[in-house]
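Colleague: Please find one structure pasted underneath; my questions will follow.
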Amino acid sequence: LSLLLEATLLRLASGSHHPFYNGFYYNHIMNDKGNGQEKVVSFNGVRLVVETPKDPVYSSSGANVTLPCHYHYEPDIEAKRKIRIKWSKLRDDYTKEQDVLVAIGKTYMAFGDFRGRAHLHQTGRREASLVISDVRLQDDGKYRCEVIDGLEDERDVVDLRLQGIVFPYQPPRGQYRLNFHEAEQVCQEQGAILATFNQLFQAWSEGLDWCNAGWLADGTVQYPIRQPRKPCGGVHLAPGIRSYGPRHRHLHRFDAFCFSSALKGEVFYLDRPAGMTLEEAKQSCQDVGAEIARVGQLYSAWKFLGLDRCDAGWLADGSIRYPIAKPRANCGPAEPGVRSFGFPSKGRFGVFCYKER
């Protein structure tokens, strides 16, 4: 019986196109008038309704989150029914999906990166909510809850958004040196991922203004402008996200926009009277049971923990930066932010370390 259930679950998960055959039925058919409108096929005059929150659900990296999904019948029926549930993660353009979890009764199966992290929350009557534990940066996005009852198949979408920060990144080699795959790599090395357009737009709405174009997760190249100016698309264009559109992922080279979320641990500063080289800085962090902080960790500590330090320090990529939450004299510009001294080939500085809680 368990093998049969597993085979059925796998078959249910395989449907990835819309409209699609999911092993049971088609839910919508064309009406008799042939005018392109659909009509819903209901069983015995009873309609299945699936409901999810219209507002986004917010979480952060490392947390546990529940994506609510409930279903009911119109008119209501009391009899218990054998329900099949499928959760999928969607792309922003809805052209592709990733199987997350499928369930029949109390038997369920999670897939891919969600294996061991996803399960159903069914404490309430007719509940099909999804629980994701140890949330990862890649979990940000839209999820579809699909409930199947015989000839009825209804679904709705939940938007999971991670509380995070977008930051532009240039490697030590300088401006516009990264193809798409290298941009993905440098963001990962800094404890982040390539930002999505929605994340960049949110950062722009919160004040991000950056004139250098950078890769996004969908392979497009864009940049956010709050104050229009001649080198950044012209003074006559309205503020907004400037776009170069999709670029060749191997041949074209730009900077990167990375996305990092809240931290499980803390970032703190160490120094010596004579300062430290980069290698000495790495060792100093290890000596106190920590590691040298990455750029994404410093931005997250500044954004979410209010880290404020007017002392420059090494980071893992060999850059020198410092976070200012409360601008003041001799600490850079009048706006809060993470200041950068670039990638010095020599010099002695303090260091920012990161330690898990």
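A Cβ is built for glycine as well, from the same backbone N, Cα and C atoms used for every other residue.
Nobody curates TrEMBL annotations by hand; they come from automatic prediction.
Below are the features listed in TrEMBL for this protein:
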- Cys211-Cys232: disulfide bond (DISULFID)
- Cys310-Cys331: disulfide bond (DISULFID)
- 47-158: domain 'Ig-like' (DOMAIN)
- 165-260: domain 'Link' (DOMAIN)
- 266-355: domain 'Link' (DOMAIN)
- 1-15: signal peptide (SIGNAL)
Colleague: Are there residues of the same chain, six or more positions away from Cys310 (disulfide bond), whose CB falls under 8 angstroms from its CB, and which are they?
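Modeller: Tyr322, Ile324, Arg328, Asn330, Cys331 - these are the non-local Cβ neighbours of Cys310 (disulfide bond), listed in sequence order.
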Colleague: Might you list, by sequence position, any residue in that chain lying six or more from Cys211 (disulfide bond) with a Cβ less than 8 Å away from its Cβ?
Modeller: Tyr223, Ile225, Arg229, Pro231, Cys232
Colleague: What are the DSSP helix, strand and coil residue counts for the domain 'Link' (266-355)?
Modeller: 21 helix, 26 strand, 43 coil
Colleague: According to DSSP, how is the domain 'Ig-like' (47-158) divided among helix, strand and coil residues?
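Modeller: Its residues divide into 6 helix, 60 strand, 46 coil.
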Colleague: What is the average pLDDT across the domain 'Link' (266-355)?
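Modeller: A mean pLDDT of 97 is what the model gives the domain 'Link' (266-355).
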Colleague: According to DSSP, how is the domain 'Link' (165-260) divided among helix, strand and coil residues?
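Modeller: Looking at the domain 'Link' (165-260) with DSSP, the answer is 22 helix, 30 strand, 44 coil.
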Colleague: Within 10 Å of its Cβ, which one of these disulfide-bonded residues (Cys232, Cys331) has the largest number of other Cβ atoms?
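Modeller: When each Cβ's neighbours within 10 Å are tallied, Cys232 tops the list.
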